[in-house]
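Here's what TrEMBL has on this protein:
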DOMAIN    16-259  domain 'Carbohydrate kinase FGGY N-terminal'
SITE      ASP20  site 'Important for activity'
BINDING   MET93, HIS94  substrate binding site
ACT_SITE  ASP252  active site, proton acceptor
DOMAIN    269-459  domain 'Carbohydrate kinase FGGY C-terminal'
Amino acid sequence: MSAPAVGPGSSGSPLLLGIDVGTTGAKAVLLDSAGQVAAVATTEYPLLTPRPGWTEQDPTTWWEAAVTSIRRVLNEVRVRERHIAAVGLTGQMHGLVPLDGGGSVLRPAILWNDQRTAEECAWITKRVGAERVIELTGNPVLTGFTAPKIVWMRRHEPDLYARIAHILLPKDYVRYCLTGKHAVDAADASGTSLFDVRGRRWSATMLAALEIPPSWLPRVVESPELTGVVSALAARLTGLNEGTPVVGGAGDQAAQAVGTGIVRTGLVSATIGTSGVVFAHLDQPAVDLQGRLHSFCHAVPSRWHVMGVMLSAGGALRWLRDGLRHDAWFKGGDPYDAMSAEAAEVSPGCEGLVFLPYLTGERTPHADPRARGAFVGLTLRHHRGHLIRAVMEGVALGLRDSLELIRGMGLPVTEIRVSGGGARSPLWRHILADVFRADVATVTTTEGAAYGAALLAGVGRGIFPSVEVACETTVAVVDRAAPDRERAAVYDKLYTVYRDLYLALRPSMHALSTMA
């Protein structure tokens with residue numbers, strides 16, 4: 001399926017729309033064909049936690065929020081004179097959205113950070129074999145992934161399970177609402193435990209082993225590929241023109257990588273959002289045989305990536321912000337700026353205080369849903385600034401776990417680009433440079449995954465000839481933070497302690513997890 005190309009010089013100065021179905025809200029970003037942001041809007045929605053370790057959302061709230069955000073950005077620009085050339089989608093990965101034959105949602109979506117499926121993961125791994133699962137899908141089966149959630153539904157909600165006709169991922173539910181079509185990109189499908197990452201197709205072997213009908217799963221496309229057009233109903237709701245092309249898009253991490261230009265070998269990104277991710281572009285698939293790194297398809301057609309994921313990164317600092325109720329809340333300032341200022345007054349290493357950021361379990365490198373967070377080394381000398389800096393350092397040390405695994409696979413690391421909300425803090429960027437012992441760069445683009453989704457729409461519409469050219473045209477490095485030798489030496493010592501603490505505390509963490 002293809003649409004007529006629209007070049008950068010075409011009359012009407014076409015705009016590109018990126019939609020990010022995130023964990024906290026739906027963001028819409030409008031770009032012009034030079035990559036300049038014309039408008040941004042975000043509409044939030046609630047996170048449901050019906051039990052400890054469970055996280056869910058009502059998919060209809062994603063669509064309602066997306067509609068609101070789209071209308072807001074369209075109202076900010078004179079879109080009648082500068083039409084929307086195409087739409088790209090991105091969003092949180094792994095979530096299970098089960099639909100019945102009429103397209104109605106059967107239950108709240110089970111999200112990427114939900115931890116209820118430990119038994120189902122063990123069952124799948126035993127049934128297929130641990131090494132065989134990695135051979136087939138490139139990854140171990142993890143609690144956040146989609147397949148164990150499907151098995152959980154079969155075990156615990158058999159009546160609802162019997163009504164399943166279609167299974168979608170979060171952003172693809174919004175695609176369905178926009179176009180009436182079922183489709184998924186290869187990058188997002190990679191995180192389901194049902195996908196052959198090397199072959200970029202659903203794994204018939206995994207589907208047969210888990211007794212999941214292939215008919216439930218959407219068509220697989222490459223990220224810039226056209227998947228449908230905006231329907232008449234969606235046009236009335238959103239203000240978009242009926243027939244506007246909608247491309248595959250990508251899961252949030254691959255789209256984020258496109259938005260920061262991670263589309264060539266040697267380029268690595270470190271993202272501090274709610275979660276933390278270290279992402280490396282690959283020209284050929286590579287698999288960590290121990291399953292500590294994810295091996296996924298990239299949003300760049302016929303390319304791949306590996307990434308390490310920590311579940312609580314910026315989310316850990318937000319948790320501390322909410323717990324401290326920082327004074328800036330009451331003075332009208334930005335609490336994160338105030339927190340960074342306090343943390344900057346504390347020396348590297350926090351005078352012997354370290355934070356383990358396992359607030360929702362951990363993926364890389366431990367794949368341990370029962371890991372728990374901790375401050376270790378507290379004394380009467382430590383105050384609020386120490387706690388803040390310890391969280392920032394603990395997140396950086398957790399990201400280093402992933403970077404060391406990437407280096408250990410022999411993959412080149414020529415440049416590290418940082419993004420996400422945490423990258424806005426100069427202090428956090430310098431901590432990352434010191435912990436990584438490498439320069440870290442920031443880029444011109446700040447809208448992350450939604451920006452990347454819009455670029456993918458531009459490629460699919462013919463505004464850019466390739467994803468690589470789209471990034472070269474729109475993404476540039478604007479700042480670099482270099483490591484300091486003395487601070488880096490402090491963090492090398494702290495990193496050794498950090499790694500030892502998980503092993504020493506793991507039995508206690510697991511015991512405490514049963515008491516929640």
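Here the Cβ of each residue, glycine as well, is placed from N, Cα and C on the backbone.
Separating the Cα atoms of MET93 (substrate binding site) and ASP20 (site 'Important for activity') is a whole-number distance of 11 Å. In this structure, HIS94 is the one among the recorded positions ASP20, HIS94 with the smallest number of other Cβ atoms inside 10 Å of its Cβ. On the 0 to 100 pLDDT scale, the domain 'Carbohydrate kinase FGGY C-terminal' (269-459) averages 94 in this prediction. Every protein chain considered, the tally of other Cβ atoms within 10 Å of the Cβ of MET93 (substrate binding site) stands at 27. ASP252 (active site, proton acceptor) falls within a helix when secondary structure is assigned with DSSP.
Cα spacing between ASP252 (active site, proton acceptor) and ASP20 (site 'Important for activity'): 8 Å, rounded to the nearest whole number. Put simply, ASP20 (site 'Important for activity') is 14 Å from HIS94 (substrate binding site) when counted between their Cα atoms. The 10 Å shell around the Cβ of the residue listed as 'active site, proton acceptor' contains 31 further Cβ atoms across the protein chains shown.
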